[in-house]
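A.B. asks: Right, I'll just put the structure down here and ask away after.
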Amino acid sequence: MSDTLPLLLRAARGEAVERPPVWMMRQAGRYMKIYRDLRDKYPSFRERSENPDLSYEISMQPFNAFKPDGVILFSDILTPLPGMGIDFDIIESKGPQIGDPIRTMAQVDALHPLNPAESMPFVGEVLGRLRQSVGNEAAVLGFVGAPWTLAAYVVEGKSSKNYAVIKAMAFQEPALLHKLLDHFAESIAQYLRYQIDSGAQVVQMFDSWAGQLSPADYDTFAAPYQKKVVDLVKQTHPDTPFILYISGSAGVLERMATTGVDIISLDWTVDMAEALARLPEHIGVQGNVDPGLLFGTPEAIEARIDDCVRKARGRKHILNLGHGILPGTPEENGASFFRSGKSVMDRIGALA
């Protein structure tokens, strides 16, 4: 019977559920003391995310503490890069650093096709262990970065405020950028298939930096490659719910709905009711509480959750933040978010 399946999986498939499932982007991370203690012991981010024992332990920390309805693999969107021949590191307080930023056609031509089982066996191992550990108490989520966002990192060489280098490439050498984006789309689709085969029940694609594009450029450099990833994954795994997240997506919501995804993860800068009015009925939503609210009071967190769920009522909805939980968030407020999310129907009533 399907009601023995995890709540989040049932909701993501569009089944009627007793309450919206709840999880948090970046729910495993720096706001938790247990994570900071582990980070002090293992300071290398790549070790924490690529050692299967550490990645598994970190992925399980929020589940053990708060029992969210989703457990997401502890990893990074850049994790597949070395398997394509691109070296990177993540430096504490500085963020990602790309060893040799990609600026030429020769560099793109030299990239390897991704074989995830070969280059990232730790990912498959962790996903399998997570499925075994959480059973039907939570859905296991896999994730990837979208082609535009991966390209932004590897072309810029690091995080950027204005994306001048990749935008220069887009407007001066579009053929070069399109070839890179196409390579990433093929590779990311393979990576998602591997994650699903290894145990991921729901997947999310982060196009974090696509919100930096004008709608016309989104149509040219982001949406076609998002759609290619979705199409390739749906060819082999049509029943796996697919979520798309873009930070700063209010200007392209309708466009996101044309990519073939099942659920759009909203940031907090768009009102939930307005977003739903703009999206087709068959598209579900995830979000969209402001992570900054988690620096407030438990009462404020509860009130905002109630408002969000009330507005999303009647539509496929997964309760989440509008972005990852912020470092420095009081851990008890993270607990508050989960507690209030799970008890929301007690306050707003099943039919209110």
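Cβ atoms here come from the backbone N, Cα and C positions, even for glycine.
Copying in the features that Swiss-Prot gives for the protein in this structure:
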- Arg26, Gln27, Ala28, Gly29, Arg30, Asp76, Tyr153, Ser208, His323: substrate binding site (BINDING)
- Asp76: site 'Transition state stabilizer' (SITE)
A.B. asks: Taking the residues Arg26, Gln27, Ala28, Gly29, Arg30, Asp76, Tyr153, Ser208, His323, which the record names as binding substrate, find the longest CA to CA distance and state it in Å to the nearest whole number.
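C.D. replies: Between the most distant Cα atoms of the substrate site, 23 Å.
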A.B. asks: Counting only residues 6+ apart in the same chain, whose Cβ is under 8 Å from the Cβ of Ala28 (substrate binding site)?
C.D. replies: Tyr35, Ile58, Ser59, Gln61, Pro62, Ile72, Phe74
A.B. asks: Counting other Cβ atoms within 10 Å of each Cβ, which of the binding-site residues Arg26, Arg30, His323 scores lowest?
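C.D. replies: Lowest Cβ count within 10 Å among the binding-site residues (Arg26, Arg30, His323) is Arg30.
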A.B. asks: Can you tell me how far the Cα of Arg30 (substrate binding site) sits from the Cα of Asp76 (site 'Transition state stabilizer'), in Å?
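C.D. replies: Arg30 (substrate binding site) and Asp76 (site 'Transition state stabilizer') have their Cα atoms 14 Å apart.
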A.B. asks: Can you tell me the CA-to-CA distance separating His323 (substrate binding site) and Asp76 (site 'Transition state stabilizer'), as a whole number of Å?
C.D. replies: 15
A.B. asks: Taking only the Cα atoms, work out how far Tyr153 (substrate binding site) lies from Asp76 (site 'Transition state stabilizer'), in Å, as a whole number.
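C.D. replies: Distance (Cα to Cα, whole Å): 12 Å.
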A.B. asks: Roughly how many Å separate the Cα of Arg26 (substrate binding site) from that of Asp76 (site 'Transition state stabilizer'), to the nearest whole number?
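C.D. replies: The separation of the Cα atoms works out to 10 Å.
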A.B. asks: I'd like the Cβ neighbour count for Asp76 (site 'Transition state stabilizer'), meaning other Cβ atoms within 10 Å of its Cβ, all protein chains included.
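C.D. replies: By my count, 18.
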